[in-house]
Amino acid sequence: PLVDHFWSGDHMFGGCRRTMAPLRVLVLCLFSGWAAGYKQGDNVTLYVNKVGPYHNPHETYHYYTLPVCRPDKVHHKSLSLGEVLDGDRMAESLYHIRFRENVEKKLLCHLTLSEKQVDELREAIEELYYFEFILDEIPIWGFVGYIEESGFLPHSHKVGLWTHLDFNIEYNGDSVIFANVSVKDVKPVPLEEGAGSAVGGVGVGGGSLKVTHTYSVHWFESTLPHSRRSERLRDYSFFPKTLEIHWLSIINSLVLVVLLLGFVIIILMRVLKNDFARYNVEEEGGCDDLDQGDNGWKIIHTDVFRFPPLKSLLCAVLGVGAQFLTLATGIIFMALLGMFNVHRHGAINSAAIVLYALTSCVSGYVSCSFYTQINGQRWVWNIILTSSLFSAPLFLTWSVVNSVHWYSGSTQALPATTVLLLLGAWVLVGFPLTVIGGIVGKNRAGSFQAPCRTRNIPRQIPTQPWYKHAVVHMAIGGFLPFSAISVELYYIFATVWGREHYTLYGILLCVFAILLSVGACISVALTYFLLSGEDYRWWWRSVLSTGSTGLFIFVYSVFYYRNRSSMSGLVQSTEFFGYSLLTALVFSLMLGSVSFWSSLAFIRYIYRSLKMD
């Protein structure tokens with residue numbers, strides 16, 4: 001009931017949701033925030049945020065869903081869009097902290113816990129529930145209780161509740177630098193099944209358990225300036241540190257990729273040189289005069305530019321792939337410029353939503369422009385298909401994931417105001433920009449530049465050997481780009497599905513460039529092998545060959561879930577696999593687009609060279 005009341009209020013966005021235009025809302029929510037200055041004795045508000053299982057990062061609940069000390073009337077903090085998407089639900093606490101004033105064992109509240117509430121706390125502690133508080137935009141983490149299991153025969157199982165917290169806060173001048181909480185030299189209150197027996201200041205009466213919550217505050221001066229306080233948080237290790245830079249693995253991956261690209265380019269150029277020397281012997285005219293007795297890629301010159309089936313879907317894939325290329329590049333460069341502060345919760349989520357809405361014009365332009373070039377007639381349907389190619393699977397996946405979160409009472413379930421805001425951003429910004437981009441692309445589209453004419457009757461395709469089938473090409477074209485990013489992929493998964501803050505953006509940019517380069521080169525090589533077998537159906541094959549990298553990424557996500565993480569449960573599993581499928585789709589669209597344009601440029605080059613000679 002508390003969470004439902006929380007969702008229904010106007011406190012969700014504060015100033016953000018009072019603006020008129022959705023785009024302005026997103027920009028304000030993304031870039032809001034400032035450094036607070038305090039005088040001695042000023043109140044420093046401590047917000048309680050969320051709790052959840054330690055090993056399930058995306059299964060979180062509001063802190064006040066547990067039987068803990070809470071005010072009579074809960075006041076919630078205005079949240080940005082990124083914070084809401086990140087599952088934050090901040091509310092004012094009963095802790096009274098004043099700047100640079102120490103407090104020793106101050107009473108927080110007296111609680112009388114029913115047997116059911118004791119069982120709730122026991123279950124939470126046994127599932128390793130941690131809590132998150134926020135003090136001056138600094139997250140403070142700690143465990144709800146203590147669990148100890150020892151011995152086999154007899155087996156000992158003890159569960160205790162932390163009823164006293166020590167807050168240790170560092171300051172420099174008038175600003176807060178760092179804060180954490182500790183339970184050193186504090187004894188937990190045992191929670192026996194059925195509201196167990198009293199221990200030291202804890203009483204039992206009528207099936208209930210009485211507990212007293214207290215806290216202490218200690219201030220310490222720091223020499224670290226406010227502008228560098230993110231370094232202090234980065235060095236803190238409540239969650240396990242897994243993002244160590246394995247330079248040897250990265251260099252090894254880079255060397256292998258460079259060698260691979262070198263071999264592909266050298267071999268392909270030597271083979272093409274021999275082909276040109278053989279095909280251009282005694283040729284005086286263009287492509288239409290080529291000897292029909294030859295075999296190989298030359299003989300299909302009248303079919304290689306025959307437009308494929310499902311033209312509208314192909315163009316939609318190319319358009320959305322180009323949009324995600326622009327989006328990924330923009331996010332990486334924004335990160336390199338230091339626009340994502342570690343203290344600003346959900347900043348990357350907000351940036352991704354803003355950029356996705358703004359780059360919708362790219363998908364509309366690329367899709368409709370190429371659709372017009374290949375003689376597409378239903379350009380309105382093409383725009384609708386382009387706008388829904390990713391947004392429709394995203395909505396379906398989100399509906400399932402959000403329903404599971406809503407049913408379990410998790411804070412990851414988006415409130416109605418957030419859903420309306422995101423829907424408004426797509427309806428009023430994303431979709432109109434797609435339409436505008438499509439109209440501009442249609443009007444500016446020229447003719448399709450094909451060096452050779454296409455005959456009316458298609459040529460019969462000879463039987464292909466097994467190693468030239470689509471499945472084999474997809475396996476090769478998907479595995480090689482995946483191997484180029486496999487090392488960095490672990491870091492990304494550990495960040496998205498773990499507790500780390502990703503900071504290796506320079507390396508990420510290099511890996512991203514390597515991924516696109518490998519995808520382009522492998523696509524060109526596979527397209528050449530396909531054409532050399534007199535198979536001119538390269539249009540969709542070029543998209544699927546490298547686009548199959550998404551399948552390998554999804555398989556890796558299954559491996560990561562089972563062997564590299566401790567995640568479990570319906571809530572976490574639904575979100576993990578749902579959004580892993582969307583991630584695989586994004587990589588497939590992005591790499592499929594790169595693969596197609598590389599193959600098209602290569603084919604135009606080789607047939608233009610024949611015609612020129």
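Count begins at 1; order follows the chain as displayed.
Cβ from N, Cα, C; glycine included.
Computed from a predicted structure; not experimentally measured.
As recorded in TrEMBL:
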type     : residues : note
SIGNAL   : 1-37     : signal peptide
TRANSMEM : 247-269  : transmembrane segment
TRANSMEM : 313-340  : transmembrane segment
TRANSMEM : 346-367  : transmembrane segment
TRANSMEM : 379-401  : transmembrane segment
TRANSMEM : 413-440  : transmembrane segment
TRANSMEM : 470-493  : transmembrane segment
TRANSMEM : 505-531  : transmembrane segment
TRANSMEM : 538-561  : transmembrane segment
TRANSMEM : 581-607  : transmembrane segment
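Taking every listed stretch (313-340, 346-367, 379-401) in turn, the largest tally of C-beta pairs under 8 A with the transmembrane segment (538-561) is reached by 313-340. The highest tally of CB pairs under 8 A with the transmembrane segment (581-607), across 313-340, 346-367, 379-401, 413-440, 470-493, is held by 313-340. Within its own chain, the transmembrane segment (313-340) has Cβ neighbours under 8 Å at 347-348, 351-352, 355-356, 359-360, 362-368, 370-371, 374, 376, 382, 385-386, 389-390, 505-506, 508-509, 512, 516, 539-540, 543, 586, 589-594, 596-597, counting only residues six or more beyond its boundaries.
Here the transmembrane segment (505-531) has long-range neighbours at 245, 250, 253-254, 257, 260-261, 264-265, 268, 271-272, 296-297, 300, 304, 325, 328-329, 332-333, 335-336, 468, 473, 476-477, 480-481, 484-485, 488, 492, 537-538, 541-542, 545-546, 549, 591, 594-596, 598-599, 602-603, meaning same-chain residues at least 6 beyond its ends whose C-beta is under 8 angstroms from one of its own.
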